[in-house]
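Asks: Pulled these from Swiss-Prot:
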type	residues	note
BINDING	Cys146, Cys149, Cys198, Cys201	Zn(2+) 1 binding site
BINDING	Cys162, Cys165, Cys184, Cys187	Zn(2+) 2 binding site
DOMAIN	5-70	domain 'J'
REPEAT	146-153	repeat 'CXXCXGXG motif'
REPEAT	162-169	repeat 'CXXCXGXG motif'
REPEAT	184-191	repeat 'CXXCXGXG motif'
REPEAT	198-205	repeat 'CXXCXGXG motif'
ZN_FING	133-210	zinc finger
Amino acid sequence: MAKRDYYEVLGVNLNATEAEVKKAFRRLAMKYHPDRNPGDKDAEVKFKEAREAYEVLCDSRKRASYDQFGHAGVEQTFGGAGAGGFGFGDLGDIFGDIFGDIFSGARGGQAREQRGADLAYELVLSLEEAVHGLSRTIKVPTWINCKTCNGSGAKGSSPATCPRCNGSGQMRMQHGFLQVQQTCSVCRGRGQVIKDPCTDCHGQGRQQQTKTLSVKIPPGIDTGDRIRLAGEGEAGLFGAPPGDLYVQVRVKPHPLFHREGNDLHSEVPIDFTTAALGGEMEIPTLDGSVRLTIPPETQGGKQFRLRGKGVKALRSGAVGDLICHIVVETPVKLSPEQKDYLKQFAELLKKDEKNHSPRTRNWFDSVKDFFTSK
């Protein structure tokens, strides 16, 4: 039986962040966990399916391999989902937020660090910038570690061990026959308390600041693509690891080209005499202009493909084409003299209409047959 798409299993889109993937798995885990559905084989299968999808999509290397090669990429490179050792420690991270830290005792009762939040930044590019790549400087409002206390939150000293939980960050509670652990209400799971708060950050360990970052944009990037800057998100609380910054790309519309995959498309207007007699014209591309030969009797809607004048693919390196769509323009604002010449020309065409305008003649014949057959 073929495996379902991991994104479909979790109900997230291709650009879902790690936090969104984790949130989706939490929802499914609450619904299908075997402890909540004893004896339900279908729920057990769905839980395992969701757990497998979560394992891959929350691992940046496995996810990149899956995005490029599908299930085969994960199986061939990492020995399949589950080979990385998805254990109960991972489930403790997931279920700790669901069931009020009941599962946190499985991790040895240690205080859990509160990682910094991930940030998102929308970067707007021109088509030329997206196709050729560049480095762009961005400014991101964020939280950084306080420089005065180095993120500890304590003024001129180190935080003290919490007297309530003795530094574990957890309190063991007895509910009938069930013994569970909950986050310490005094230190909020840190295992430490601050007796003399830092005056610069008021004991928070963090300060707000606008960071200036240089982002390298690879050639071939497109709307919807994301660039992950590891560790450039918000600083974690009290020295915990920082989050990541996700740069979301949006490419502005271009007046001459629109992109479909690695191909570029462009409408090329020509007058009706060039369409009838043929000619040559300069065609703009993103790498300069090229000469395009218009053969005689070219019809509107005709497409000319200029090989290798499209976009170089972000991952494979293959180069797309520029596809020129011919639009035959009807002349407007004609003078009386010009109209007379066109009428004379039209009379000449009627003498051999089947040869000069075969599609028009065939259309009229079809219309005539349609009405006479009624």
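Each Cβ is built from the backbone N, Cα and C atoms, and glycine gets one as well.
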Asks: Measuring CB to CB from Cys149 (Zn(2+) 1 binding site), give everything in the same chain under 8 Å that is also at least six residues away in sequence.
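Replies: In sequence order, Lys155, Cys198, Asp200, Cys201, Gly205 meet the Cβ cut-off.
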Asks: Rounded to an integer, what is the Cα-Cα distance in Å between Cys146 (Zn(2+) 1 binding site) and Cys165 (Zn(2+) 2 binding site)?
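Replies: Cys146 (Zn(2+) 1 binding site) to Cys165 (Zn(2+) 2 binding site), Cα-Cα distance: 26 Å.
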Asks: Counting Cβ pairs under 8 Å to the repeat 'CXXCXGXG motif' (198-205), which of 146-153, 162-169, 184-191 comes out on top?
Replies: 146-153
Asks: Which is it, of Cys146, Cys165, Cys184: the one of these binding-site residues whose Cβ has the most other Cβ atoms within 10 Å?
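Replies: Top count of Cβ atoms within 10 Å goes to Cys165.
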Asks: Given the recorded Zn(2+) 1 site (Cys146, Cys149, Cys198, Cys201), which additional residues of the same chain have their Cβ within 8 Å of the Cβ centre, ordered by sequence?
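Replies: Surrounding the site, in chain order, are Lys147, Thr148, Asn150, Gly151, Ser152, Gly153, Ala154, Lys155, Pro197, Thr199, Asp200, His202, Gly203, Gln204, Gly205, Arg206, Gln207.
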Asks: Kindly assign Cys165 (Zn(2+) 2 binding site) to one of the three DSSP-derived states: helix, strand or coil.
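Replies: Note: Cys165 (Zn(2+) 2 binding site) is coil by DSSP, not helix or strand.
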Asks: Going by DSSP, how much of the zinc finger (133-210) is helix, how much is strand and how much is coil, in residues?
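Replies: With helix first, then strand, then coil, the zinc finger (133-210) has 0 helix, 35 strand, 43 coil.
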Asks: Counting every protein chain present, what is the number of Cβ atoms, excluding its own, within 10 Å of the Cβ of Cys162 (Zn(2+) 2 binding site)?
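Replies: There are 20 of them.
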Asks: Take the zinc finger (133-210) and average the pLDDT across it for me.
Replies: 83
Asks: Provide the three-state DSSP residue tally for the domain 'J' (5-70): helix first, then strand, then coil.
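Replies: Residue counts in helix, strand and coil order: 47 helix, 0 strand, 19 coil.
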Asks: Please give me the CB contact count at 10 A for Cys187 (Zn(2+) 2 binding site), counting all chains in the structure.
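Replies: Its Cβ has 23 other Cβ atoms within 10 Å.
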